[in-house]
Each structure stands twice: as C-alpha cells, then as structure tokens.
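A.B. asks: Below are the features listed in TrEMBL for this protein:
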TRANSMEM  6-32  transmembrane segment
TRANSMEM  44-64  transmembrane segment
TRANSMEM  76-92  transmembrane segment
TRANSMEM  99-117  transmembrane segment
TRANSMEM  137-160  transmembrane segment
TRANSMEM  196-216  transmembrane segment
TRANSMEM  228-245  transmembrane segment
Amino acid sequence: MTLNLLVVVCGFLIGFFVISTGGGGAALYLGVLTGLCGLSAAHAVDTSLLTAIPALCFGALSFYRHGNVNVKLARQFLYFALPTVIVASLLARYIPEKIYAPLIGLVLVVLGVQMYFRKVRQTEDIHVDRVKAAYYAILSGLMIGIGGLSGGGVIMAGLLAMGEDMLGTVATSSFILVWTSLIGTVMHMTGGGVSYFYALLLIIGSVTGALIAPRVLSRVNRATFDRICKPVISLIVILMGLQMIF
C-alpha cells in the first residue's frame with residue numbers, strides 16, 4: 001500500500017513538472033518504473049509512453065483552451081515527426097543503442113546551449129521555418145521510435161529556436177507530444193510488455209498534476225516565466241544529452 005501511494009505521488013509530481021516544462025516525462029516515468037516499481041527496462045519502456053499520454057492530453061487541452069498553443073507550428077512538427085516515429089519503431093530492433101544514443105545525446109547538448117542563448121522574438125507572428133521544423137521533428141521521432149523516450153527535449157529546443165516564448169513552447173510541445181506519444185505507444189505495445197497496474201497508479205497521479213499545472217501557469221507573468229524557466233530547461237536538456245553520451 002505504501003509503495004502504491006508513493007507511485008501515485010511520483011505520478012503527480014511528474015505530471016505537474018512535465019506539463020509546466022513542456023516535456024513528455026517518459027524518461028522520468030522510466031526511472032520510477034525501473035527504480036521504484038522494479039520493472040525490467042524493456043517493460044518500463046513499453047509502459048512509460050502509455051503512462052505519459054493521459055496527462056499530456058489533459059494538459060494540452062487546458063493549454064489549448066487558454067489560447068497558448070501555436071497550432072500552425074505544431075502542425076509543421078507533426079507532418080515530419082509522426083512518420084519518423086513509425087519508421088523508427090519498425091527499425092528499432094536493428095539499430096544498436098550504443099550507436100544512436102551518443103549521437104542524439106550530442107545533438108541535445110548543442111540544442112541545450114542554443115536554447116540558453118536564444119532570444120525570444122517579441123512578436124505574436126512566429127515565422128514557420130519548415131527546414132528547422134523537419135530537423136527537430138525527425139530527431140524527436142527517432143527518440144520516440146527507437147528509444148521509447150518522449151522526445152520532449154528536442155521539441156522544446158526546436159520551438160525555442162524558432163522564436164516561441166517559454167509558455168508558448170511549453171503549451172505547443174505538450175500538444176505535439178500527445179500525438180507522437182500516442183503513435184509511439186501503439187508501436188511499442190506490440191511487444192506486450194505493458195504493466196497496466198503501475199501505469200494506472202502513475203496515470204492517477206500524473207493527470208491530477210497535469211490538470212493543476214496549466215491553471216497555475218496561466219496566472220504567471222510570461223516574461224518572468226521565461227526568465228526563470230528557460231535556463232532550467234536548457235540545463236535539463238544538456239544533462240539529458242550528457243547522460244546519453246556517457
């Protein structure tokens with residue numbers, strides 16, 4: 001009972017955190033599922049993407065209702081990310097992790113540094129650069145399809161690099177991750193390794209956190225949110241990259 005309650009609390013904290021920062025949380029769910037719940041890495045990967053979807057749906061819907069989602073930009077990302085997830089999932093068994101992980105890790109480090117120094121455009125009309133959108137979308141698709149991760153760090157970096165402010169990036173990233181995680185889950189569930197019990201416990205907590213986060217963020221000054229969160233997110237992306245390299 002104590003373990004189950006702890007899993008729910010972890011789900012709440014992850015749900016609030018990932019919706020507040022624009023990530024998908026698959027890596028965080030992986031840590032809980034392997035370290036706390038004792039699942040094997042293979043089962044944890046299959047379970048983590050499924051676990052992330054409900055919280056992302058509630059969070060993205062709330063952001064959309066508040067008018068924070070850049071639908072035009074999200075659509076450009078999805079054009080490239082969804083096919084990449086499908087192809088990468090089919091090819092995953094033939095690609096050793098020791099080959100792709102350091103490469104993606106290096107890209108994340110570079111993106112994290114770029115995020116930190118990138119200035120937000122002071123205009124509501126963000127120009128959609130299709131080449132940049134394709135680049136970041138394909139990278140995130142590879143992370144989902146091959147590694148079972150949400151790819152949120154790459155999407156965040158891409159949106160910031162294209163001029164979105166922090167709140168717009170968080171909201172739009174959540175919207176994109178709903179669809180990419182859904183496709184990734186369908187592809188990874190074919191292995192039959194999902195632990196539905198622990199997934200349910202995490203979902204109960206994460207959905208609660210995801211419902212609260214947008215309401216809190218809607219009351220925060222956007223300039224203040226940018227100033228505080230952008231360095232934190234940049235550091236997280238860099239650390240994710242270094243972890244994949246080493």
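FYI, residue positions are counted from 1 along the chain as it appears here.
A Cβ is built for glycine as well, from the same backbone N, Cα and C atoms used for every other residue.
Context for these features, please: burial, neighbours, distances.
C.D. replies: The list of residues near the transmembrane segment (44-64) in space but at least 6 beyond its ends in sequence, with Cβ under 8 angstroms from a Cβ of it, reads 11, 14-15, 18-19, 24-27, 29-30, 33-34, 37, 144, 147-148, 150, 170-171, 174-175, 177-178, 181-182, 184-185, 188-189, 191-195, 198-199, 202-203, 206-207, 209-211, 213-215.
Sequence-distant neighbours of the transmembrane segment (76-92) (same chain, 6+ residues past either end, Cβ-Cβ under 8 Å): 128, 130, 133-134, 136-138, 140-142, 144-146, 151, 155, 158, 176, 179-180, 183-184, 187-188.
Listed as Cβ neighbours of the transmembrane segment (137-160) (distance under 8 Å, sequence separation of 6 or more from its ends, same chain) are residues 18, 21-27, 30, 45-46, 48-49, 52, 70, 73, 76-92, 95, 97, 100-101, 104, 107-108, 111-112, 114-115, 118, 120, 166, 168-170, 172-173, 176-177, 180-181, 183-184, 187-188, 230, 233, 236-237, 240-241.
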